[in-house]
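Going by TrEMBL, these are the annotated features:
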{"type": "SIGNAL", "residues": "1-28", "note": "signal peptide"}
{"type": "TRANSMEM", "residues": "385-403", "note": "transmembrane segment"}
{"type": "DOMAIN", "residues": "631-794", "note": "domain 'SSD'"}
{"type": "TRANSMEM", "residues": "632-653", "note": "transmembrane segment"}
{"type": "TRANSMEM", "residues": "665-688", "note": "transmembrane segment"}
{"type": "TRANSMEM", "residues": "700-720", "note": "transmembrane segment"}
{"type": "TRANSMEM", "residues": "740-761", "note": "transmembrane segment"}
{"type": "TRANSMEM", "residues": "768-794", "note": "transmembrane segment"}
{"type": "TRANSMEM", "residues": "843-866", "note": "transmembrane segment"}
{"type": "TRANSMEM", "residues": "1123-1142", "note": "transmembrane segment"}
{"type": "TRANSMEM", "residues": "1148-1169", "note": "transmembrane segment"}
{"type": "TRANSMEM", "residues": "1181-1201", "note": "transmembrane segment"}
{"type": "TRANSMEM", "residues": "1221-1239", "note": "transmembrane segment"}
{"type": "TRANSMEM", "residues": "1251-1274", "note": "transmembrane segment"}
Amino acid sequence: MDSPCRTVKFLLLISLFQVLYIASIIHAEGSDKRLLLTSNAKSGERHSEEYCAMYDICGARDDGKVLNCPSNSPSKKPDDLLSQKIQSLCPTITGNVCCTEAQFETLRSQVQQVIPFLVGCPACLRNFLNLFCELSCSPHQSLFVNVTSISKVKNNLTVDGIDFYITDAFGEGLYDSCKDVKFGTMNSRALDFVGAGAQNFKDWYAFIGRRAAPNLPGSPYAITFKSTAPVSSGMKPMNVSTYSCADTSLGCSCGDCPSAPVCANTAPPREHEKSSCSVRIGSLKAKCIDFALTILYIVLLSMFLGCGLFHRKRERNQTSGMKSMPNSMDGGEIHSVIRRKDENLPMQMLENSPQTGNRVQLSIVQGYMSMFYRRYGTWVARRPIHVLSVSVAVVLLLCLGLIRFKVETRPEKLWVGPGSKATEEKKFFDSHLAPFYRIEQLILATTPDAEDAKLPSIVTENNIKLLFEIQKKVDGIRANYSGSMVSLTDICMKPLDQDCATQSVLQYFQMDPQNYDNYGGVEHVHYCLQHYTSADKCMSTFKAPLDPSTALGGFSGSNYSEASAFIVTYPVNNAIDKEGNKTDKAVAWEKAFIQLVKEELLQMVQLKNLTLSFSSESSIEEELKRESTADVTTILISYLVMFAYISLTLGGTPHLSSFYISSKVLLGLSGVLLVMLSVLGSVGLFSAIGVKSTLIIMEVIPFLVLAVGVDNMCILVHAVKRQPLELPLEGRISNALVEVGPSITLASLSEVLAFAVGSFIPMPACRVFSMFAALAVLLDFLLQVTAFVALIVFDFLRAEDKRVDCVPCLKISSSYAESDKGIGGGRPGLLAQYMKRVHAPVLSLWGVKIVVISIFIGFALASIALSTRVEPGLEQKIVLPRNSYLQGYFNNVSEYLRIGPPLYFVVKNYNYSSESRHTNQLCSISQCDSNSLLNEIARASLTPESSYIAKPAASWLDDFLVWLSPEAFGCCRKFTNGSYCPPDDQPPCCSSDTGSCDLSGVCKDCTTCFRHSDLNNDRPSTAQFRDKLPWFLNALPSADCAKGGHGAYTSSVELEGIENGVIQASSFRTYHTPLNKQIDYVNSMRAAKEFSSRVSDSLKMEVFPYSVFYMFFEQYLDIWKTALINLAIAIGAVFVVCLVITCSLWSSAIILLVLAMIVVDLMGVMAILDIQLNAVSVVNLVMSVGIAVEFCVHITFAFSVSSGDRDQRVEEALGTMGASVFSGITLTKLVGVLVLCFSRTEVFVVYYFQMYLALVLLGFLHGLVFLPVILSVFGPPSRCKLIEKPEDRPSVSLQP
């Protein structure tokens, strides 16, 4: 996928294969008729020391490959100059030789192509050179080389086939020294290029000895390697000593020789996988936490049952002992009578009722709040117009900020915190190196067979021709940008500044449909899939070999032929500043690309019974914009449904005769409008100060605030309707606010605090959502106690004046006087009667209490165990509309891709001066530290299951040091004037027009940049490093020098400031293993960061990992810590508010317990529903604390001001507030949440519908089932006491 990969791959492969096959002196070819040597002919040959089997060059093939002469003649003594040249390359060859100067120069020019691949491991290179030196120039050549076939070329006999006798010991030594040598540019083994991926020395020999077809790299004649020679022949296998890669004098780095003892000693301990603790009981295996929670549950349940039985027994004894006391019954009767008499009156009214003698001892805060609400209620009832006008005017003023309203749709601005470390690292990478390229991608896949449901292979003639048609249409895209036409070639990434680096199997045909038949059609593809690193005809148009894993999908291992998908990737140049022309042009082309796919390509593919998924770099942003209008209908329907429900709920039980007056349609509509105003006011205020909105705010907050706001509306209206009609309206309003005002305030403040805590979440989308929601809930609360109370006054005045609900100008005749009964003070509703006469008595049964507590505590403990199974992450497809084309694309990416994202290890402030040790601490060739960065990466790639690193890193530093090396004599060269001289196969040494290369041309006087004596332990000086690094980065790779850095490493090194001896930024590229799930992305990032941290500490250098997805997943590294801290703050804030307002540690502790259980249970539901832990779900969990307060605080407050024993107080609390909690809180939230299930966007269905539905149900069960039971068993003492007082004295007022 990466450009550097492609760039170097191409030229490397070409060069290497030509070297191995043409390896000069060994090659002799004749295309005329061949003459097999008979046994008689052989009998005249002499196989002895100082005799040759081949000598001199007698011809050349039609493709230019030179052919040796079969010559069983004595070896020749070379002149001194030739002898020095031979020994410089072949130190084992001394004295006479079996090669001429022309043969040696051919050998030298061919071997130079292989040297860059192996020079990093001197032992491997020496063994490899010895193989060809002995074959070409050994004075004892005839002892181990036998010419078995000859050909005639232009009347000259040439070698056509040989037997090469060589010991297995040499072959094993050669292979063992080279098998782990890396070719950094391609993140792979060097043997993949110079040995076709050989797995043993026999495979390597077979690769070297194959006769090459015309115009293809390889040996010009067949070489048969044999380990034993016929006894009668007098021949002996060649057995030159081999060097181990661990040799002290020619030792290789640990990256190239991990089996060396020094490397084994320094290898880091393998990261053990975090194995979860488990307990085995017989055949049953359970996690330790599950086992511990089970034991805890049994212990708690046993303690509760024991204490309960003891308590019940003691109560029975006390009851039987008190039966003899006559006054006890009288007191009970008195209390019962009082309760029956006043069962329909609110608790706050009892304080002023002389008949009851009840005195409520409120806390200081509650006392002041009650006094405030009493006076405030009276004041509002007298001045409703003023209150309504001022409150609405203030909110409308806030709404003026909507003129600056903007929506943020950029993914990096929505899901990435601006201060995140990953974001800073991305900025550093983009500004100092180069921004990661944009990706446009097509995935063309087969459909399952009807019979066996297997996916057939995609590699067929029809499918390849279809791919050519698709490519033709993509090439024909012309996007309009500012009046100019933009094509793919204008924006695509070009490693060598010529051809686009398109990743497609069509590259095996050089992207030209005319080459399809010329190259052999489908068979050519199958050939290239196995020989993509070696075959010249398989090279891409951008001169790099195409790795099949980047262009095919749906295969296992390396069985590319069974691939079920074509993957076509168009890398496009990116820009740091998104406002730049480059990016704008790319976006314009991407829009045209997506349009083409939708309008034409999809139909083309479907006609062939295939599937097509697609994506562009800007697709997610565009789909998020489209999402903003996807659920407008859902929002409107939800408000209509909620409006209808509110109207029915506020109006009470309808009577046909009084329906027109008692209904509350107009009041309900006004309440909904107030909710909308609170949302608009919140958005307006933040928009005015420059905070952009998000789609979540636009689609979720209206539901959320409506569900929260309606609760208080219902509670307020029901409280007013419960007041006696004998009181004037201002008295009823005042008493209603005194009754429910403190609990409404407590619940609302708790909600606002809980929402506000979410603003500490680092993810911008969730932080902004929490801020908007907190302000909207606060504004909604303020409007409810101001504007809505004023509207209640108007509505009740309308009803008392017998005016029609929706048409208040119309007054009904007095015949409908009975309608007054529905205004207030009537009998409790059916729901209230159920709560008092059925629900509460059932919960008061001792057996029911045991069952309820057992079930709820059991589920809470089970939820704790389940919550450990919640995985971090947020699937990309969830945040998109259900009908988005990206849904199928993300599914196919997980199913078909077999290569992971690129991973860069970035080094800051690399000191390359000769005085610094940084070079050896980073590199991985000979003389580098065993624990260097690149060696450590290579080691980590050996355990990909834990490191998530798939390959050793491509190293510009290794390749640069090799490129400088005198052994790589075809690479770093200079003219006599000191300027850069390119390799012989590049202009001006080689004509780019004719392709002819003449060593007598302009480059004949080029010399290597350095001799060994010029370097210090094969390392350049500070000046040499500084001067030659730009040469290396501009050097084009080619057959004569595959190590050129242009394309592969152009953006890997920052040259700015290099004159100071420090490279501010450089990167080393590798790949992650395929990442299919969100947890894989999180774990891979964690592993890379832990690896970098360990290496940085070890090397005392600053190293950090970078991949394009890191900034989106950084939040998940500490998401559990973030969640627990924010939940603790939210629950703590609610506890403090409750404690301050109630001044009751007992009541606050019970509320805290219930809230904690609701949150824990909600996390258990998340595990059951496979909802992941991310910023969205964390915000939901934090907000659930505030919402759950409403299910607890009203019942608890009503319980605390009730009189009687605990069961009686629970019955009274449920009778007073139970119906309001159920109809005004549970059902209103349920109605608001249910509408979200129709959303077209999965994120709202999963994280808002499912989570909020679970929250509402859990809140209902805990608030109306578990909480009453807990209060009946462990509830705090009553603040309401029965006192005796004279009839002529007024009741005791509220005590602050």
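Placement of Cβ uses the backbone N, Cα and C atoms for every residue, glycine included.
TrEMBL annotations: computationally assigned, not manually curated.
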When you look at the transmembrane segment (1123-1142) alongside the transmembrane segment (740-761), do they share 3+ Cβ pairs under 8 Å, ignoring any pair fewer than 6 residues apart in sequence? yes
When you check the transmembrane segment (1123-1142) against the transmembrane segment (843-866), do you get at least 3 Cβ pairs under 8 Å, counting only pairs 6 or more apart in sequence? no
Per Cβ pairs under 8 Å, the stretch of 700-720, 768-794, 1148-1169 packing most closely against the transmembrane segment (385-403): 768-794
What residues in the same chain, six or more past the boundaries of the transmembrane segment (1148-1169), come closer than 8 Å to it by Cβ-Cβ distance? 856, 859-860, 862-864, 866-867, 869-870, 1127, 1131, 1134-1135, 1138-1139, 1142, 1177, 1181, 1184-1185, 1188-1189, 1191-1193, 1196, 1246, 1250-1251, 1254-1255, 1258-1259, 1262-1263, 1266-1267, 1270-1271, 1274-1276
I need to check the long-range neighbours of the transmembrane segment (1181-1201): which residues 6 or more away from its ends have a CB within less than 8 Å of a CB in the stretch? 347-348, 360, 362, 704, 708, 711, 715, 740, 742-743, 746-747, 750-755, 757-758, 761, 770, 773, 777, 1123, 1126-1127, 1130-1131, 1134, 1138, 1142, 1144, 1147, 1150-1151, 1154-1155, 1158-1159, 1162-1163, 1209-1210, 1212-1214, 1216-1218, 1220-1221, 1225-1226, 1229, 1251, 1255, 1258-1260, 1262-1264, 1267-1268, 1271, 1275-1276, 1278-1280
Whole-number mean pLDDT, the domain 'SSD' (631-794), equals 82
